[in-house]
Structures are given as structure tokens and as C-alpha cells.
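Q: One structure, as C-alpha cells, below. Some questions next.
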Amino acid sequence: MNINDTVERVTDGADLTVDEAREAARLVFEEATEAQIGALLAALRAKGETEAEIAGFAQGMRDAARTIEPDREPLVDTCGTGGDDYDTINVSTTAAIVAAGAGVPIAKHGNYSVSSSSGSADVLEVAGADVEAEPPAVEEAIETDGIGFMLAPVFHPAMKAVIGPRKELGMRTIFNVLGPLTNPAGADAQVLGVYDPDLVGTIARSLAHMPVEHALVVHGAGMDEIGIHDETVAAEVDGDEVREFTIAPEDLGLDRAPIEAVSGGTPEENAADLRGIVDGSVTGPKRDLILANAGAAIYVAGETDTLAAGVERAAEAIDSGAAATKFAALCGDDEAVEGDGEAASTDSAAASTTAGPEDDD
């Protein structure tokens, strides 16, 4: 198999198998020229990427990544594609911290912002976290603190090969959806937001081809998160089975609120909201939005039998101080962590623009 033959086949309308797509990704990262990469990406876009092709490219991207193997399970990631319609508070990042407070081991994959005001790396950097930590340090953090952050450019250096072709093409390609599928810690469970409701089923069926045990793929009426302003389109992946459904805020025991009530701002403003939500001083719609998404992470980890029960556990993690303790650990505030033994015990009881998740918050 060579890249030119693959481009020709895809241009003629042929679909690649998972294994063929995985090999095509290897060729992209190791051998292909920028012209060949651009031709393949454009051909896939014109044909329409299949679930098998997305899964194969994701596995090929994982093959090329710097990976870690923390001795914690089930590892959970809360990572979206970015590219949605709203600049909200940093949802997936805050939700990950709250879920960690509920005892869920978190391997958070993220990046700096591309087009939104504040990506996951932007807000965590402002808060004091070492967002560019090397793989061994992140592995240790997950094992010791129950939460670690993996910056996409640090863990996916092979993605440099596609920077030029993607910029020149100037359109969305298969790589716009791959970041959340390529967790370098091999997360067992995920809450994965997508920018287009039509992608929910496609990405869920792609995950069913991959070694992920339990996942929720969601689109919340314009958000790549579970929303509280309207119903969320969702697909649950349990092994190789996929179930599509909708989530209403009322199903989670939460009130609806207009999208404007959860608007974000600069990284500094979003970091202040993050801190306030995890320490309990920020309430109302912003807290509820985080509870919805943290509850989903707790659910896919197998800690609860329902999403609504996950929301209740998320609220307990905030109210007990456990979420604030995890935030302090992520930001390297050892004094705060050591000073809150009760909250800490909850865990034991229970080139950035193209390298991975884009605008994930």
C-alpha cells in the first residue's frame, strides 16, 4: 500500500477499512509529501469519511503518539472537538476536575484555543497548572493525584506533518474530529462533544471500533457539550453497541437556562469561574452546566447507574471540597492539597493549532 494508490482509490469513491486507514495515517506521518497529504485529506472530505476510516486514522494517530500507561482505572477523558457556536465557560476542563473530585481517575487531553476565547490549556495555564508537562510527569500525576493534563502538541509531535496541508486546504478535514479519539493514556471511558449533531452517531460508531469500554458522544444544541439551554443529542457506546437518545436538563434534575447565562470570557475570567465553581462560590446555571457534564463523566466511569445519579455525585464532590482539592493538585498547590485531608480522601474511597483537540475547553 502506498499513498498515491490510496489517494486514487479514495478519489474513485472507495472506502478504506480500519486497517487500511490506520496504514494511511502511518504513511501521512512518516512518508508522504505535503502535496500527497493534502490530496488524501481533500479526497476523504469529498467522499465523506466513514466510521471505519475515522477509527483507523485515530488508531494510526495513537500509534504515532507519545503514550503513557497510568496504573489507574477506569481512566476517563472529557474532551470535545471544539468548533461549536458558543464561547462558554470552560466546560470539559471544569467537569473533569469535578469528576476527579468524585473519585474518577482523569486523563484530560486538551490544547490551546484556536478560534474560541479560551481553550483548556489557556485556562489551566492561567490557573497555574504546568500544561506542557512531559509524559512521565503526567503519568505520575494521574497515579498520585487522580488527575493529569496532556497537552496535544507535547503528546502528538507527529501531527507537525499535517500543519502545512491543513492550512493550505483551509477546510475541515478528518483531523478536526480525531483529537478526542486519540487520548495518549488510552482512556477507557469518555465524554466526547462534537460540533455538529450529524457527527454524534458517526463518532459513536467509530468509537465502537476502538478499545473504549464506555462513552457518551454529545452535541448540546450548538455546543460540543451536554447543554442546559436545550436538549442534547447523544449516543452511548457500551463495548461495540451504540444507543442514540436525547438528554433534557430536566432528566438530570437541572433547570433550563439561556445560553447567555453560561457565557465565558478571557482565560483569566474563565479561570475565575472555574475556581468559583469547584470551590462552591459560583452557583446557578454555570454550576448546573458543569454538573451535567461532570455527571456524565462519573456515569461513563461506572460510578453510577444513571446520568442523574452522576449529577448528584458531582454536586457532592463540589460541596465536600473534594473538587477544589483536585483543582489544587492539578495546579501544583501542594499546601492546599495537604491541608484538606477529608476532601482528598474522596478519591481513594471511590504548534498547537493542529496537534489534537482544537478549542476543547
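Cβ coordinates are placed from backbone N, Cα and C, and glycine is handled just like the others.
The anthranilate 1 binding site annotation in Swiss-Prot covers G80, N111, and the record cites sequence analysis as its basis. The 5-phospho-alpha-D-ribose 1-diphosphate binding site annotation in Swiss-Prot covers G80, 83-84, T88, 90-93, 108-116, S120. Feature annotation from Swiss-Prot assigns Mg(2+) 1 binding site to S92, E225. According to Swiss-Prot, the anthranilate 2 binding site annotation covers R166. Feature annotation from Swiss-Prot assigns Mg(2+) 2 binding site to D224, E225. Under the heading compositional bias 'Low complexity', Swiss-Prot lists 343-355. Feature annotation from Swiss-Prot assigns region 'Disordered' to 338-361.
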Q: What's the most sparsely packed of the binding-site residues D224, E225, counting other C-beta atoms within 10 A?
A: E225
Q: Can you tell me how far the Cα of Y112 (5-phospho-alpha-D-ribose 1-diphosphate binding site) sits from the Cα of G80 (anthranilate 1 binding site), in Å?
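A: For Y112 (5-phospho-alpha-D-ribose 1-diphosphate binding site) versus G80 (anthranilate 1 binding site), the Cα atoms are 13 Å apart.
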Q: Counting across all protein chains present, how many other Cβ atoms fall within 10 Å of the Cβ of T88 (5-phospho-alpha-D-ribose 1-diphosphate binding site)?
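A: T88 (5-phospho-alpha-D-ribose 1-diphosphate binding site) is surrounded by 29 other Cβ atoms within 10 Å.
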Q: I'd like to confirm something. Which of the binding-site residues, G80, S92, H109, N111, R166, has a Cα closest to the Cα of D224 (Mg(2+) 2 binding site)?
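A: Of all the candidates listed, G80 is nearest in space.
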Q: Starting from the Cα of E225 (Mg(2+) 1 binding site), work out which of the binding-site residues (G80, S92, N111, R166) are within 10 Å.
A: G80, S92
Q: I need the nearest neighbour of the residue listed as 'anthranilate 2 binding site' among the binding-site residues T88, H109, N111, using C-alpha distances.
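A: For the residue listed as 'anthranilate 2 binding site', the spatially nearest of the binding-site residues is N111.
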Q: Determine, to the nearest whole angstrom, how far the Cα atom of S92 (5-phospho-alpha-D-ribose 1-diphosphate binding site) is from the Cα atom of N111 (anthranilate 1 binding site).
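A: Cα-Cα distance, S92 (5-phospho-alpha-D-ribose 1-diphosphate binding site) to N111 (anthranilate 1 binding site): 12 Å.
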Q: Could you work out which of the binding-site residues (H109, R166) has its C-beta surrounded by the smallest number of other C-beta atoms within 10 A?
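A: Relative to the other binding-site residues in H109, R166, R166 has the fewest Cβ atoms within 10 Å.
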Q: Measure the Cβ-based neighbour count of Y112 (5-phospho-alpha-D-ribose 1-diphosphate binding site), defined as the other Cβ atoms within 10 Å of its Cβ.
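A: Y112 (5-phospho-alpha-D-ribose 1-diphosphate binding site) is surrounded by 22 other Cβ atoms within 10 Å.
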Q: Using C-alpha atoms only, work out the spacing between H109 (5-phospho-alpha-D-ribose 1-diphosphate binding site) and G80 (anthranilate 1 binding site) and round it to an integer in Å.
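A: Rounded to a whole number, the Cα-Cα distance is 9 Å.
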Q: Would you kindly give the Cα-Cα distance separating T88 (5-phospho-alpha-D-ribose 1-diphosphate binding site) and G80 (anthranilate 1 binding site), rounded to the nearest Å?
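A: Given the Cα positions, G80 (anthranilate 1 binding site) is 13 Å from T88 (5-phospho-alpha-D-ribose 1-diphosphate binding site).
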Q: Write down the Cα-Cα distance for T88 (5-phospho-alpha-D-ribose 1-diphosphate binding site) and N111 (anthranilate 1 binding site), rounded and given in Å.
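A: For N111 (anthranilate 1 binding site) versus T88 (5-phospho-alpha-D-ribose 1-diphosphate binding site), the Cα atoms are 16 Å apart.
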